[in-house]
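**Student:** Right, I'll just put the structure down here and ask away after.
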Amino acid sequence: MKSLVLLAILAALAVVTLCYESHESMESYELNPFINRRNANIFISPQQRWRAKVQERIRERSKPVHELNREACDDYRLCERYAMVYGYNAAYNRYFRERRGAK
């Protein structure tokens with residue numbers, strides 16, 4: 001009987017210890033944690049923003065071949081359905097490579 005009471009007390013202590021809710025885990029105590037766009041843009045300097053835009057434009061111009069093929073396949077519904085089953089490479093080869101060879 002004593003061991004059962006001791007086990008119950010230990011279990012209660014374990015529950016209290018493990019289920020303790022820490023206030024440190026709360027995201028924010030602030031009333032309004034969001035900031036407006038003007039203040040948010042202060043974090044990134046104009047030069048970094050310009051550099052990011054230039055890099056994005058370069059990536060748009062020089063896309064990999066498989067990405068261009070996938071975009072072409074996404075525009076054609078039958079190719080897109082075929083790609084869901086067999087993959088984009090097989091779908092592109094079926095619907096677009098044959099047309100190039102026929103020319």
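Think of each number as a place in line: the chain as shown, counted from 1.
For all residues, glycine too, the Cβ spot is worked out from N, Cα and C.
Dumping what Swiss-Prot says about this protein:
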type: DISULFID; residues: Cys73-Cys79; note: disulfide bond
type: DOMAIN; residues: 51-97; note: domain 'Gla'
type: MOD_RES; residues: Glu21; note: 4-carboxyglutamate
type: MOD_RES; residues: Ser22; note: phosphoserine
type: MOD_RES; residues: Ser25; note: phosphoserine
type: MOD_RES; residues: Ser28; note: phosphoserine
type: MOD_RES; residues: Glu56; note: 4-carboxyglutamate
type: MOD_RES; residues: Glu60; note: 4-carboxyglutamate
type: MOD_RES; residues: Glu67; note: 4-carboxyglutamate
type: MOD_RES; residues: Glu71; note: 4-carboxyglutamate
type: SIGNAL; residues: 1-19; note: signal peptide
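Set these features in their place in the structure for me.
**Tutor:** All protein chains considered, the CB of Cys79 (disulfide bond) has 19 other CB atoms within 10 Å. In the three-state DSSP scheme, Cys79 (disulfide bond) is classed as helix.
As a whole-number mean, the pLDDT of the domain 'Gla' (51-97) in this prediction is 88.
Within 10 Å of the C-beta of Glu56 (4-carboxyglutamate) there are 10 other C-beta atoms, taking all protein chains into account. In three-state terms derived from DSSP, Glu56 (4-carboxyglutamate) belongs to a helical segment.
Note: Glu60 (4-carboxyglutamate) has no non-local neighbours, i.e. no same-chain residues 6+ apart with C-beta under 8 A of its own C-beta.
Glu67 (4-carboxyglutamate) falls within a helical segment according to DSSP.
Same-chain residues at least 6 positions away in sequence with a Cβ under 8 Å from that of Glu71 (4-carboxyglutamate) are not found in this chain.
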**Student:** Cα distance, Cys79 (disulfide bond) to Glu56 (4-carboxyglutamate), nearest Å?
**Tutor:** 28
**Student:** Excluding near sequence neighbours, so keeping only residues 6 or more apart in the same chain, what lies with its CB under 8 A of Cys73 (disulfide bond)?
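**Tutor:** Listed in sequence order: Cys79, Glu80, Ala83, Tyr88, Ala91, Tyr92, Tyr95, Phe96.
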